[in-house]
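Peer 1: Structure provided below as C-alpha cells; questions to follow.
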Ligand SMILES: NC(=O)c1ccc[n+]([C@@H]2O[C@H](COP(=O)([O-])OP(=O)(O)OC[C@H]3O[C@@H](n4cnc5c(N)ncnc54)[C@H](OP(=O)(O)O)[C@@H]3O)[C@@H](O)[C@H]2O)c1
C-alpha cells in the first residue's frame, strides 16, 4: 500500500471532509484528494490557513472546496448538527471523512500530567471526532460507499514514556475506529486508522525540537495510504490499523 498509485480520477464526484485541513498532513491530504477529483470540505480552526488551501485548490482548477472554520475544542452539538445540515443541503451526501486534527498537549511524566491538559487533548483528539462522526453518519450512509479514516500514532499502538495525554488519546482513537468498524461491518461504510509515522510538520517539530526536519518524510510522501483508504480500491478494508511509512 505504501507504493499505491491511484487512478487520476479516483475521487471524482466524491465529497470528502478533512479535519485540520489548514496545515501539515491534513493540508496535504486535502490538496491530494482535490487533485484526485474530490470536492473537499476543509475543516479547521484557523480561517486564514483554510483560505490558503482553498486558493491553492482553485488555482489548480479543481472542484471548488468548502471552508468550515470550527474549533474542535469548543464545538458543540448544535454546531455539528448545523454542519451536517449544511453538507446535506449543499451536497446531499458525504463519501469520506478524514479525522486528522489533533493536539499534542505537553510531554512529560504521567505522574505530573495536568488533568486539564488531559481533558483538553481528549476533547480535541477523541470526543470531537466521536461527535463529528455521530453527526455525519447519516450523510455517510447516503453515499454508495463511504470511508472514515482516523489518525493514530506509534504511541497509540504501544505506550511510550512521557507521551501522556497524546498517547492516551491515540489509543482511544484506535478504540473508536475498531468499535465503529465492528458496528459498521457489512454496511457501506468502512472505518480504518493510519499511523503517519515521523512526518515533517509543525507538530513533529514541537515534539522533537532538536531534530533536523530534512531527515523526515514530507506530508506529500506519505499520501499513498491516505489515497488508498479514501478511494474505491479499499472497499474491502474495515477495522484495520495501517502505517503510512
Ligand atoms: N507529524 C507527525 O510526525 C505525526 C506522527 C504521528 C501522528 N501524527 C498525527 O497526524 C495528524 C496531523 O498531524 P500534523 O503533524 O500534520 O500536525 P499539525 O501540523 O500540527 O496540524 C494539525 C492540524 O490540526 C488542526 N487543529 C488542531 N487543533 C484543532 C482544533 N481544536 N480544532 C480544529 N483544528 C485543530 C491544526 O489547526 P491550526 O493550523 O489552526 O493549528 C492543524 O491544521 C495528527 O492527528 C497527529 O497526531 C503526526
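Backbone N, Cα and C define each Cβ position, glycine as well.
TrEMBL annotations: computationally assigned, not manually curated.
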Peer 1: So which range, 170-190, 191-211, gets flagged region 'Disordered' in TrEMBL?
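Peer 2: Checking TrEMBL against the ranges 170-190, 191-211, the region 'Disordered' one is 191-211.
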Peer 1: The domain 'Ketoreductase' (14-206): mean pLDDT?
Peer 2: 98
Peer 1: How many helix, strand and coil residues does the compositional bias 'Polar residues' (191-204) contain under DSSP?
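Peer 2: Per DSSP, the residues of the compositional bias 'Polar residues' (191-204) fall into 3 helix, 6 strand, 5 coil.
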